[in-house]
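Asker: The structure follows.
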Amino acid sequence: MEIRPLLMCFALCVVYATSKPTEKKERVHHDAPLSSREHDDAQGFDYDHDAFLGQKEAKSFDELSPEESKRRLGVIVEKIDGDSDGFVTEVELKAWIKKAQKKYIYENVDRQWKDFDVNNDGMISWEEYRNVTYGTYLDDSEPDDGYNYQHMMARDERRFKMADQNGDQIANKEEFTAFLHPEEYDHMKDIVVLETMEDIDKNGDGFIDLNEYIGDMYNHEDEMEEPDWVATEREQFSEFRDKNKDGKMDREETMDWILPSDYDHAEAEAKHLVYESDSNKDGKLSKEEILNKYDLFVGSQATDFGEALKALYSQPVVLPAAGSRRRR
């Protein structure tokens, strides 16, 4: 069984507490880039392939024939068309791109699923999760490790209820994913903020003051001088975090800090794909329009061969020396 998510979180807290004082704890959640490649369609569509399929899946398409690549793309188009109206909208495309980028998260959930779905009914109840995670710990009223497992369980139950959108105390795969990775879901943002504030707010007044903010990032014990980044963080708190200048961060200010409204790469890519493929300019894509621009969405042996040809012909031509009978 993999390390259970909450207990792993506490283990990380121990690591932070015993790490070097100059190491900085990162609380901010940023969206990962859609691709490690530069987005330049003039040089190729590798970025678009990574964004649309996810980098691992995009690489597998490069081994396919154009015919097989188109066939598989056609199957994907039907999955993207959520309302089955025969068209792919920008909203549906954005949702697909976000899902493709979260594939590693779903794989992580799949690995843990069998550990918690004790009765193999395809669902995970709160009772199943509680018994697997805390069963043996709750039998010991005074554990030697000093952790308050009753408190930890109550916190987990609160998060489980937030993820359980229909309120039946049973999580399907998507709800369990939201439970394990709340930062990835809009409806879970409040619980991410609440848990963060509970971790940092040492005096229990419901706010995060400057000392608590710095104290969460930086352990100054046994350190003669503060590293430069600590002074920078003090300035960040005063100038940007504490927006109403009352000397502390409330819930809204904490959310702006840990869950910033970054540039939405998935939305931008969805707009780009629609703009480039929408031949009749009706603001949505038919399956035919997507397949006509298949090389924008997915790779194949043909697109790779095309890149190789472009690289070949971009090389300078070396003419044979005078009198040579060899031909190029």
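Cβ coordinates are placed from backbone N, Cα and C, and glycine is handled just like the others.
TrEMBL feature annotations, pasted as is:
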DOMAIN    68-103  domain 'EF-hand'
DOMAIN    104-139  domain 'EF-hand'
DOMAIN    151-186  domain 'EF-hand'
DOMAIN    188-223  domain 'EF-hand'
DOMAIN    265-300  domain 'EF-hand'
SIGNAL    1-19  signal peptide
Asker: So which of 68-103, 104-139, 151-186, 188-223 is most in touch with the domain 'EF-hand' (265-300), counting Cβ pairs under 8 Å?
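Answerer: Going through each listed stretch, the top one turns out to be 68-103.
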Asker: Which residue counts does DSSP yield for the domain 'EF-hand' (188-223) in the helix, strand and coil classes, in that order?
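Answerer: Looking at the domain 'EF-hand' (188-223) with DSSP, the answer is 21 helix, 2 strand, 13 coil.
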Asker: Give the residue counts of the domain 'EF-hand' (104-139) per reduced DSSP state, in the order helix, strand, coil.
Answerer: 26 helix, 2 strand, 8 coil
